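According to Swiss-Prot:
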- Lys20: N6-succinyllysine (MOD_RES)
- 37-172: domain 'Nudix hydrolase' (DOMAIN)
- Arg66: site 'Important for coenzyme A binding' (SITE)
- 77-98: motif 'Nudix box' (MOTIF)
- Glu92, Glu96: Mg(2+) binding site (BINDING)
Amino acid sequence: MSRLGLPEEPVRNSLLDDAKARLRKYDIGGKYSHLPYNKYSVLLPLVAKEGKLHLLFTVRSEKLRRAPGEVCFPGGKRDPTDMDDAATALREAQEEVGLRPHQVEVVCCLVPCLIDTDTLITPFVGLIDHNFQAQPNPAEVKDVFLVPLAYFLHPQVHDQHYVTRLGHRFINHIFEYTNPEDGVTYQIKGMTANLAVLVAFIILEKKPTFEVQFNLNDVLASSEELFLKVHKKATSRL
């Protein structure tokens, strides 16, 4: 039974159905997949558990040269054999945590992120089963954990700072979350944190307790507007 006293399965289905309906309003498909950048994709795995929606995160292995020990979503660079950007995200999720493509229902592709003048990261939100047991690849992943989606709107520990990149000011959120299962505290920041905030707002439709990058009244248009401005600046430097 759920905390509401209702059977778990109907509660999960209701949560996921509502999430899908809201996310699909923000699906841009392959609108920007033609842009000439180095292509990366990430998967934001969404799971309904104990009457709440959660996001699944990984902690990068300390053995990795780039960003060791940082919290992120499963993802990586596109391979020539990947059919599209979504295939990249699914392949990387399988390699990193053992999540097979048939275990994911990809719901939407969000507005991509430009992290420098030549690297485009495309985020996908996918639903996964509440019974999924992660199998971290120790060469790439140190740990896997879940965070309630609502935490990214009303956190216990949050900070933010501003950075200027490609001629535009960006908000970088920094969250600290202590996993109640083992007491481990994780820091979630940068693009990963920003995407978590965006997805939480889209699905839960509640105002966050802090400033955000996007316009709360027109999330999609404001996200695309900023992306296109940064894209224009990036291409002018090539």
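Using N, Cα and C of the backbone, Cβ positions are placed for all residues, glycine too.
What you are looking at is a predicted structure, and each value in this text was computed from that prediction instead of being measured.
Sequence features, as recorded in Swiss-Prot, placed on the structure.
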{"residue": "Lys20", "record": "N6-succinyllysine", "CB count, 10 Å": "16"}
{"residue": "Arg66", "record": "site 'Important for coenzyme A binding'", "CB count, 10 Å": "6"}
{"residue": "Glu92", "record": "Mg(2+) binding site", "CB count, 10 Å": "24"}
{"residue": "Glu96", "record": "Mg(2+) binding site", "CB count, 10 Å": "25"}
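Taking Cβ pairs closer than 8 Å, the motif 'Nudix box' (77-98) reaches residues 30, 33, 38-43, 45, 56, 58, 104, 106, 109, 122, 124, 126, 134-137, 140-141, 144 in its own chain, all 6 or more past its ends. For the motif 'Nudix box' (77-98), the predicted model reports an average pLDDT of 97. Cα to Cα, Lys20 (N6-succinyllysine) and Glu92 (Mg(2+) binding site) are separated by 22 Å. Secondary structure from DSSP puts Glu92 (Mg(2+) binding site) in a helix.
Glu96 (Mg(2+) binding site) sits 15 Å from Arg66 (site 'Important for coenzyme A binding'), taking the Cα positions as reference. Across the domain 'Nudix hydrolase' (37-172), DSSP helix (H, G, I), strand (E, B) and coil residues number 20 helix, 68 strand, 48 coil.
DSSP classifies Lys20 (N6-succinyllysine) as helix under the three-state reduction. Separating the Cα atoms of Arg66 (site 'Important for coenzyme A binding') and Glu92 (Mg(2+) binding site) is a whole-number distance of 16 Å.
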